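Chemist: Take a look at what Swiss-Prot says about it:
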LIPID     Gly2  N-myristoyl glycine
BINDING   24-31, 67-71, 126-129  GTP binding site
Amino acid sequence: MGLSFTKLFSRLFAKKEMRILMVGLDAAGKTTILYKLKLGEIVTTIPTIGFNVETVEYKNISFTVWDVGGQDKIRPLWRHYFQNTQGLIFVVDSNDRDRVVEARDELHRMLNEDELRDAVLLVFANKQDLPNAMNAAEIIDKLGLHSLRQRHWYIQSTCATSGEGLYEGLDWLSNNIASKS
């Protein structure tokens, strides 16, 4: 009896750990999102060559978030981060209409990788504060998200600089990764 109570207690109250990979085209806002979540403030960023990794604590969950540079020359390196990824955050600059097709192509290329077959997908439609930003419905269409029949996905409108939508996205991730394990 004592052992089963201990198991139940630890399941309810032990910190859960989740491995998250955050990718997207360059200048989409990945690093700004990472440090807004980690520090609660806006940091001055430069283009990420390589990666940033931080642990973000939220609601008894420890998210290890890998923010990988998005410049086209380093995108082939993304696959080196796929192993053991439970959740994929794909960040889209909602104001960048010129490169949304490029974003779609990169997203679908990644989702076809065997190592990511079980990862849930959260799309952050970032930069919603800009006047010409595409809304979530438009991003869903442009990224072809409805064609993802076998993939559990969600889109969250965000503004990295204000933090709007970021924690709602983490809530969805934690609920959906937890339900798969």
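Cβ from N, Cα, C; glycine included.
Model, not experiment: these values are computed from the prediction.
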Chemist: For Val68 (GTP binding site), just give me the three-state DSSP call.
Modeler: strand
Chemist: Of Gln71, Gln128, which of the binding-site residues has the most Cβ neighbours inside 10 Å?
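Modeler: Result for the most crowded candidate: Gln128.
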Chemist: Under DSSP, is Gly24 (GTP binding site) part of a helix or a strand, or is it coil?
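Modeler: Once the DSSP labels are grouped into three classes, Gly24 (GTP binding site) ends up as strand.
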Chemist: Between the binding-site residues Ala27, Val68, whose Cβ has more other Cβ atoms within 10 Å than any of the rest?
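Modeler: Most Cβ neighbours within 10 Å: Val68.
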Chemist: If you run the three-state DSSP split on Gln128 (GTP binding site), which class comes out?
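Modeler: Its secondary structure by DSSP: coil.
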Chemist: Which ones in the same chain are close to Lys30 (GTP binding site), with CB under 8 Å and 6+ residues apart in sequence?
Modeler: Met22, Val23, Gly24, Thr48, Asp67, Val68, Gly70, Val91
